[in-house]
């Protein structure tokens, strides 16, 4: 199981993105290995916003269709999860971490996942999760 952040999803959909090819190859490899890809509802919202802004309605609609097809599992937040997310935002206020990244970290902690697909090395390499010494960041 891999928790997926916003960056790779946007890069895979936008052909002009400098990380497009790398992210397309990452998702192809993960699907070939039948990895379960999980995301938070906050990632869904951020991806849709960025795709609509950068690519228009077509890539946004394609992403939503990928959710319907089951390419990604959207895991709802719990009250405990939101509390942990708020704690992380406060703990890493100097970064600043932000809601979406903190929710991705919370989801990984709740599911016991140590691999995160992200392009955001700045935030995810600094945070120390509660369940492992550090995350393994993909790609």
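Every residue, even glycine, has its Cβ placed from backbone N, Cα and C.
Listed features, source TrEMBL:
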- 2-125: domain 'PIN' (DOMAIN)
- 5, 101: Mg(2+) binding site (BINDING)
- request: Sort the residues of the domain 'PIN' (2-125) into helix, strand and coil with DSSP and give the three counts.
  value: 78 helix, 11 strand, 35 coil
Statement: Across every protein chain in view, the count of C-beta atoms other than its own within 10 A of the C-beta of residue 5 (Mg(2+) binding site) is 27
